[in-house]
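A.B. asks: Sharing a structure below in structure tokens format, with a few things to ask.
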Amino acid sequence: MLVTAYLAIILLLALCVGLELAGRRLVPPQSTPAVANPVFRRFQSVFLRAYLLALWADWLQGPYLYKLYRHYSFLESQIAILYVCGLASCVLFAPFSAWLPQVLGRRQTCLLFCLSYCACCLTKLSRDYFVLIFGRILGGLSTSLLSTTFEAWYVHRHVDVHDFPKEWIPGTFTKAATWNHGLAVGAGLVANLLAEWLHLGPVAPFLLAVPCLVGCGWVVLTDWGKEEAGDGPKGDEQKLTHGPPSGGVTRLSARTRLSRSCHDGLRCLLSDRRVMLLGGVQALFESVLYIFVFLWTPVLDPHGAPLGIVFSCLMAASMAGSLLYRVATSTHYRLQPGHVLCLAVLMAFFSLFMLTFSTTPGQPRPHESFLAFLLLELACGLYFPAVSFLQARVIPEEKRASVLAWFRLPLHLLACIGLLALHGEISGTGGGEEGTGTRHMFGGCAVMMLAALMAVVSLFTLGRNDTELRLETEGTRDEGEMY
């Protein structure tokens, strides 16, 4: 497995370079007014410095989380509960992550993210099970804040303060997504260097994340403070309520807006069958990914796989998928995002089907499992840009945030139920390679992916002649890629 992992990362990085060059040839980068605007580029740089540090700290914690808990001699059933606590806290804190910026202010909420994630990382130094559960709860809060608060600060400053064109917003997040892939690959390599090459143990990547988060907080406190002069929670709320900065009135207004937003999102979800089917696809596909995050380490670690390098391979496969999407939907190949989504779900189903055989108790085939994991991550790289394009087409922009929040609710619940079922089966069979819990879970995930495939087919049978779901013009294609 050691040689296989190192060979795989070399081949995958070469594939990514080849796809990037092919993508630039087929879809050459276009010069925009944003590129030539020095004020915008400076503002974008201030945002990306903090945001990319936050993403880097988040990725550093990916490769060795399960390994750390095993290092502390916890059972797989206990580790499953720790993962469930993290997912459940994401569900509980999701509404508050949209509400907190209205109460504390956007910059202050980003600082809260840095503090909570630092505390989450430091709890990994403890071997006490309840301290680690508290750390997972803090991690759920931090993940919820990371997915909403930084973007909220940027969009507010971009539109309401600097009055830049809204058409420039996707360019910033496209650049962030490009860097995000590279950071994910690099995080696995650095984590492997610390944990295995330097023999510092699986806690080392979590400790490295702390100074990165401190650096992020320093940028938010200083550079964002200069950028955000006069923009605090009172100022934000006064704009939203058009009244005096009275604490009780503004908090009531924020709660009212949150309730109204949730109601409008649910009504949009229930009134449009396309939106409901797309939400079903997302809930089924992404809940499988959460379960996969738990399972890949115990499948490969007993066979001597370098976990950091394997993590980098998985992230490189995902990057290759997103680059392949760009090539496939170019004017040269003209593949529709709906077709790509169907292909991604089919690939994911095939990889999970492979895993039900490669994880047979007593007869594990780690190389086949590793190949199936890479195929699943390649499918993820195709899935995310395709589903983002379709969400942008079928969900009204003003309701998109609330609808996506409703999508995430069944997503996390399905993942929690899956991990709890795995916990019960591991507890009853003794777990590990001797039990059948892992194989049964991959079988269940394959069934869920098959249901997602049926939802995709139903979606495009329903919208067979719906031009909103198709790439037709050059401008439409560019919009889909930016998302």
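A Cβ is built for glycine as well, from the same backbone N, Cα and C atoms used for every other residue.
Features from TrEMBL:
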SIGNAL    1-18  signal peptide
TRANSMEM  42-60  transmembrane segment
TRANSMEM  80-99  transmembrane segment
TRANSMEM  129-150  transmembrane segment
TRANSMEM  203-221  transmembrane segment
REGION    229-248  region 'Disordered'
COMPBIAS  229-240  compositional bias 'Basic and acidic residues'
TRANSMEM  275-296  transmembrane segment
TRANSMEM  308-328  transmembrane segment
TRANSMEM  340-358  transmembrane segment
TRANSMEM  370-390  transmembrane segment
TRANSMEM  402-421  transmembrane segment
TRANSMEM  441-462  transmembrane segment
A.B. asks: Using a Cβ distance cut-off of under 8 Å, indicate which of 275-296, 308-328, 370-390 has the most pairs with the transmembrane segment (340-358).
C.D. replies: 370-390
A.B. asks: Can you see whether the transmembrane segment (370-390) and the transmembrane segment (308-328) are touching - at least 3 CB pairs under 8 angstroms, only pairs 6 or more apart in sequence?
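C.D. replies: Yes, the stretches contact each other.
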A.B. asks: Can you tell me which of 42-60, 203-221, 275-296, 308-328, 402-421 gets the most C-beta pairs within less than 8 Å of the transmembrane segment (441-462)?
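C.D. replies: That would be 275-296.
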A.B. asks: What residues elsewhere in the chain lie close to the transmembrane segment (275-296), defined as a C-beta under 8 angstroms and at least 6 residues from its ends?
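C.D. replies: Residues packing against the transmembrane segment (275-296) from afar: 62, 66, 79-80, 83, 87, 268-269, 310, 314, 341, 345, 348, 352, 373, 376, 380, 383, 387, 390-391, 394-395, 403, 406-407, 410-415, 418-419, 422, 438, 441-442, 445, 448-449, 451-452, 455-456, 458-459, 462.
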A.B. asks: Cβ under 8 Å to the transmembrane segment (42-60), counting only same-chain residues 6 or more beyond its ends: which ones?
C.D. replies: 110, 113-114, 117, 121, 143, 146, 150, 153-154, 157-158, 162, 164, 172, 175-176, 179-180, 183-184, 186-188, 190-191, 205-206, 208-210, 212-213, 215-216, 219-220, 223-224, 227, 315
A.B. asks: Does the transmembrane segment (402-421) reach the transmembrane segment (80-99), going by 3 or more CB pairs under 8 Å (6 or more apart in sequence)?
C.D. replies: yes
A.B. asks: Mind checking which residues of the chain, 6+ beyond the ends of the transmembrane segment (308-328), have their Cβ under 8 Å from one of its Cβ atoms?
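C.D. replies: Hits for the transmembrane segment (308-328): 5-6, 8-9, 12-13, 15-16, 19-20, 22-23, 26-27, 59, 62-64, 177, 181-182, 184-193, 195-196, 205, 296, 300, 335, 340, 344, 370, 373-375, 377-386, 481.
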